[in-house]
Amino acid sequence: MSQGKVVQIIGAVVDLEFPQDAVPKVYDALKVTEGGLEGLVLEVQQQLGGGIVRAIAMGTTDGLRRGITAKNTGESIMVPVGKKTLGRIMDVLGNPIDEAGPIGEEEKMSIHRAAPSYEEQSNTNELLETGIKVIDLICPFAKGGKVGLFGGAGVGKTVNMMELIRNIAIEHSGYSVFAGVGERTREGNDFYHEMNDSNVLDKVSLVYGQMNEPPGNRLRVALTGLTIAEKFRDEGRDVLFFVDNIYRYTLAGTEVSALLGRMPSAVGYQPTLAEEMGVLQERITSTKTGSITSVQAVYVPADDLTDPSPATTFAHLDATVVLNRDIASLGIYPAVDPLDSTSRQLDPQVIGDEHYDTAMGVQEVLQRYKELKDIIAILGMDELSEEDKLSVSRARKIQRFLSQPFFVAEVFTGAPGKYVSLKDTIAGFKGILDGDYDDMPEQAFYMVGTIEEAVEKAKNL
C-alpha cells in the first residue's frame, strides 16, 4: 500500500502527505511504521488537496514528529467480533487490554457500516422487564428500543446502568455489549469486577475508551462497541448495547472539530453534531433477524436539558429516564423523576389498561402534591382540605415506594437488592392509589421491593 509522511501535528490531528496518485480515502486507517510509535493508527477525516490528508490519531501523539512515515492499510479500522469477544476488555482498535492473552477472533468487521435499510428494520411492541419499579411502571422499555438515562453529575446514571445490566443478564440471560466512552477508569474497573462477581462476565463484551484517552479514541469507541453488537444481532440474537456516556462521544467530536477546521456552532459544539449523533443512533436498531436494545447514559451539563447535546439525543430515543438531583437529595434512589420521564410504550394498547391507569394515577397524585407543596410550606398541612390531605399522604407513600435497594449497591447500603416483577409493581401502586394502605406509616414504603415487604416492615415500626 502507499506510504505518506507526517507534515503537521496539532494535538490529536495529524496532516500527512501522500503521492498524488495514491491518496487514502476518507475513513482509511493509516499505520505509523517508525519512530518508536509503531502501531499508532490514524483515521483519515479529510482530503485537503495536493496529496495531503488530515487524520485523527487513535492514540497519543507524544513523540510523533514531522517526516515520520505512515502506511495506508487500504481499509477502515477493523475490530474483532463474535463470541470470542465475550468476557474481554478491548480498546477502540479491538486490542485486548485485560492482560488475558489475544482475543483469537474468527472474524473482523469495519467500524463504519451503513444503517439497516427500511426493508430490513422491524418493529415489535414487546416490553422488556427490568425489575426496577419506577422504570417498569412509568417509562417501560421496549425490546429493541432505545433508552436514555439523563442526569447531571453524581445522580446515579452509572449505578442505574450497572443494575440494568445485572438484572437483564441474570433474569433474561442475553448477551450485552458495554461501551465505556470517556468515563472514569475507576468506574470501568469497578464495573469489570462487579460483572465478574455476579458471574455474568461471560455474557458481556467490554470496550473502553476512558477519560484519559485522546479524543480520537473516545469518538470511535462507541462505534467499536456497536459493531460487536451488530454482529450478535445479525446472528439472530437479542442483544443489549450499553453506552456510558453518550455526551462524551459528542464532546470528543467537539474537541477535534475545531482542529479539523470547522466553525463551531451553538455553545461551541461542532456544526456536525446532529449528523454525528445520527450516524451512531441510526445503526442502533432492530432488524428482522435480531434486536439491539440500547441503554445510553447521557450526562446533562449543569442540569440543563436544553443544552444542544442532550437535546439532540432526545430526538432518537423511545424512552427517557430523567434522574433528578432534588429526588436524590431526599435519599430516594433510584432518583428517577416520575413526572419528567417518558416512554412511547406508555400506551394502553401496548401495556394494557391496568398498567396505563396505574401509571397515570401515580403521576396525577404526584403532580397534585407538587402543586400543593408551596401551600404546605407557607400555611402547613392543617390548612388543606381533607381530600388534599389524603392526596399528599398517598403521594408521599408513592414517592417512597418508588425507591428500591439495588443489587449493585449492596456493598454501600448493606441492604440486599430486590428484583420486582411488573405484576407486583402494578399491584403495589394500585393498592396505594385505591387507599388499601392509608393506615400504614410512610417510612414502611421506603427502600423495599414488593408491597408485601412494606406491610411486613410496617409491623416492626
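Cβ coordinates come from backbone N, Cα and C, glycine included.
If you look up Swiss-Prot, you'll see G151, G152, A153, G154, V155, G156, K157, T158 marked as ATP binding site, on the strength of sequence analysis. Shown in sequence order, L323, N324, R325, A328, A335 are the residues of the chain, 6+ apart in sequence, with a C-beta less than 8 angstroms from the C-beta of V155 (ATP binding site).
Apart from G151, G152, A153, G154, V155, G156, K157, T158, the residues listed for ATP, the same chain places the Cβ atoms of Y299, L323 within 8 Å of the centroid of those Cβ atoms. Classification of A153 (ATP binding site) by DSSP places it in coil, neither helical nor stranded. Take the binding-site residues G152, T158: by the count of other Cβ atoms within 10 Å of each Cβ, the lowest one is G152. Counting only same-chain residues six or more apart in sequence, the Cβ atoms lying under 8 angstroms from the Cβ of G151 (ATP binding site) belong to K157, A297, V298, Y299, V300, V322, L323, N324, R325, A335. Each of the binding-site residues G154, G156 was scored by the other Cβ atoms within 10 Å of its Cβ; the lowest score goes to G154.
Taking Cβ-Cβ distances under 8 Å and a sequence separation of 6 or more, the neighbours of A153 (ATP binding site) in its chain are Y299.
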